[in-house]
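Undergrad: I'd like to ask you about the structure that follows.
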Amino acid sequence: MDTKFARRTERIGRTTCSYWRAGRCNRNPCRFLHIETPSPPAACGYGNTAYSYGKKPHSFSENTLKYGSKKALLRDNGDRGDATRVAKAFKKSSPRICKYWINNNCVHGEQCLYLHSWFRGDGFSTVTKLQEHKKVITGIALPVGSDKLYSGSTDGTVRIWDCHTGQCAKVINLGAEVTSLISEGSWIFVGLQNAVKAWNIQTMSEFTLDGPKGRVRAMTVGNNTLFAAAEDGVIFAWRGSSKSDSPFELVASLTGHTKAVVCLAVGCKMLYSGSMDQSIKVWDMDTLQCTMTLNDHTDVVTSLICWDQYLLSSSSDRTIKVWACIEAGSLEVIYTHTEENGVVSLFGMPDAEGKPILFSSCRDNSVHMYELPSFSERGRLFAKKDVALIELGPGGLFFTGDESGLLMVWKWLEVPKVASS
C-alpha cells in the first residue's frame, strides 16, 4: 500500500498543474508543479508525428507558429527568455486578446501567449473605459455643441457622461430596453418598445412618437425626416409639424420588408434599409417609395453605410459588399470582402491624416480596421464581447460600445511631421 502511494505521489510530483497552465490555480501549496516539464524522449519512428504522416516539420517562424508547435517549443526549452520571445512571436501571428488580462487576473505577464492590449496597430490609442452599463450598448450620441455624451443600453437606462471628467453625470431609467439612440441637432431620439422618445436638450421638452410595433432597432435622419425601423418590418417617417401638441408629424409608413429592419442609412437622396429577411431596400426620400430591392446577401443584413458614391453592406453571412450605381440607377456589387466570422456592424471615418478607414465589427469580439478603397488591414480593436456600435466624436475621438456594456473612448494620434532641411 505504501509503495503504491509513493509511486502515485512521485507521478504527481512530476506533473504540471493544468489549472496553473490556464492561469486559474488558487492552491498554495499545490501538489502539482507550477513549471513546464520537459517531454520524455520519443521512441524511434514516432519522434515526429509530421514525419510519420509524410509531412514537413513545423516551422517556428512568426508567420507560421501554431498552437501545438508553440506548446512543444515551450516545453522543450527551459530558458525563460526564449519562452518570452516565443510568446511575443505568437502574439504577432495570432491577434487574440487574453481573456484573463481583460478581467485583471492573468498570471503569465510577458510570457502570456495572448495580447495584453485593447488594440493592435498604429495611429490610434485608448483614452478611457466607461463601464457602467450592465448590458448591450445600443446607441452613442454626442449632440453638436454639447459637452455631454449620451449612451443607451438594453439594461433600460440612458447614461449622460461629462466629457470633461469622464464621469457619469446622470442616469435616466426608462423601465424598458433601449434598442437604439441617435442625435440630430438639439434632439435626442431613443428607440424603445412600440415608441420613440424625443428629448430636446435645449428646451428640456419631451415627446413620445407612437406607431412602431415591437422594438425600434434602428433610426436615422435625412431630408428633414426621422426614420425609425421597427421589429415588424415597417419603417416609420416623421417630419416637422406646426401643431401645438407635438413638433413631429407621422407622414408615412414604409412597408415591404417581411421581417425586422435592423439597419438604416441615408445617402445620394436615398434611404437604404437592411433586414432580417436578408434583403436591402432602396427608398426615394422625396416620394418615400421603394425603388429597388437587393438580394445578394444570404443571411441577416446587419449594417449599411454610404461612402462617397458607394453603398457598403455587411451581413451575418460573413461578407461586406460594395455596391455601385451601374446603369439606369441600378445598384450592383462590384466587390465582396469576406471575414472569418459574421459581421455585426460597419462604420466609416477618416483617420488623423484624412484617409478613409472602414471599421468592421465581427463575431470574434474584435473590430477590423481597413483602409479604403484597398481593404488593406490597418489595425484591430478588441473588446470583452462583440462591439455593437461605433460612433465618431470631436477632436479625433471615437467611441465603441460592446455587448457587455463596456464603452471605450479612443483617439486618433497625429502623425509627427518631418522637418524639411
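Numbers run from 1 along the shown chain.
Placed from the backbone N, Cα and C atoms, the Cβ positions cover glycine too.
Unlike curated entries, TrEMBL annotations are predicted automatically.
Okay, these came from TrEMBL:
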DOMAIN    11-37  domain 'C3H1-type'
ZN_FING   11-37  zinc finger
DOMAIN    92-119  domain 'C3H1-type'
ZN_FING   92-119  zinc finger
REPEAT    130-171  repeat 'WD'
REPEAT    254-293  repeat 'WD'
REPEAT    294-323  repeat 'WD'
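Context for these features, please: burial, neighbours, distances.
TA: The residues of the domain 'C3H1-type' (92-119), classed with DSSP into helix (H, G, I), strand (E, B) and coil, number 9 helix, 3 strand, 16 coil.
Here the zinc finger (92-119) has a mean pLDDT of 79 out of 100.
Only residues 6 or more beyond the boundaries of the repeat 'WD' (130-171), in the same chain, are considered here, and those with a CB under 8 A from a CB of the stretch are 177-183, 185-188, 190-191, 201, 388-389, 391, 393-394, 399, 401-403, 405-409.
Within the chain carrying the repeat 'WD' (254-293), a Cβ under 8 angstroms from the stretch's Cβ atoms is held by residues 214-215, 217-223, 225, 227, 229-237, 299-306, 309, 311, 313, 315, 325, 329-331, 345, all 6 or more beyond its ends.
Within its own chain, the repeat 'WD' (294-323) has Cβ neighbours under 8 Å at 262-268, 272-276, 278-282, 331-348, 356, 358, 360, 363, 372, counting only residues six or more beyond its boundaries.
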Undergrad: Per DSSP, what is the residue tally for the repeat 'WD' (294-323) in helix, strand and coil?
TA: 0 helix, 19 strand, 11 coil
